[in-house]
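Participant: Below is one structure. I have some questions about it.
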Amino acid sequence: MASFPPRVNEKEIGKLLLNLVDHTEVVRDLTFAPDGSLILVSASRDKTLRVWDLKDDGNMMKVLRGHQNWVYSCAFSPDSSMLCSVGASKAVFLWNMDKYTMIRKLEGHHHDVVACDFSPDGALLATASYDTRVYIWDPHTGAILMEFGHLFPPPTPIFAGGANDRWVRSVSFSHDGLHIASLADDKMVRFWRIDEDYPVQVAPLSNGLCCAFSTDGSVLAAGTHDGSVYFWATPRQVPSLQHLCRMSIRRVMPTQEVQELPVPSKILEFLSYRV
């Protein structure tokens, strides 16, 4: 059986290795499993996600069905055990990537959901929607822990579900697990702390479409509709020892196991990101 990626010499660099053909509509997003397994998931307007094994010549392993409309984006949890997919019609789905089954549908948004990202410890999930909001979820329970609004006062569900000038286009978690960035149609990029309900910093950006933090979290890159990429130095803060310990614990313990720890309730709330 052929291996992927194959060994190539310098003259072969840039040549097409695989062409994965099965979707029937536009492919909107791609994400690799972070465990190095070369499992790839593609999200499409054909309402499906497809799981590909690039170590097996791009063999399609599974089709994940459940979305009733376009799938806009998808993201793996850091341990590769869970996948989030988001799409039109308020859809936020969580998938078990060991069994390729749906875990739950997260209810709360009022409009299309277009972006998602897990925190570095996998304990939190951020979703961005045209309803002017970014929600921070506990993916293990489905609870909404935080709401970052981009329109004040918060719009009614009817207004949020329609046309407005605060559609949130993108969201990204910093690798410190403390900050996220969001882009909205109001020509702003916002930097948030997960424990504060207002932006810690804002910057102007027209036609923002997508964003991503650098590996060390010191730089945010943002792409725009007009073909430009902009870069910002991000708010820097030395994480507390408590937060570093929390992240270490949450990398290996889901919320249900944390709640069973024989520790005071205040510590449980902190470990569950409820304070």
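Including glycine, each Cβ sits where the backbone N, Cα and C put it.
Because TrEMBL annotations are produced automatically, they should be read as predictions rather than curated entries.
Below are the features listed in TrEMBL for this protein:
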DOMAIN    231-275  domain 'SOCS box'
REPEAT    20-62  repeat 'WD'
REPEAT    64-105  repeat 'WD'
REPEAT    106-147  repeat 'WD'
REPEAT    168-202  repeat 'WD'
REPEAT    212-232  repeat 'WD'
Participant: Go through the chain and flag residues at least 6 beyond the ends of the domain 'SOCS box' (231-275) whose CB is under 8 A from any CB in it; none is fine as an answer.
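Facilitator: Same-chain contacts beyond the ends: 78-79, 120-124, 136, 138, 140-141, 145, 174, 176-179, 181, 189, 191, 194-195, 200-201, 203, 213, 217-222.
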Participant: Kindly state the mean pLDDT of the repeat 'WD' (212-232) in the predicted structure.
Facilitator: 95
Participant: List the helix, strand and coil residue totals of the repeat 'WD' (212-232) as derived from DSSP.
Facilitator: 0 helix, 12 strand, 9 coil
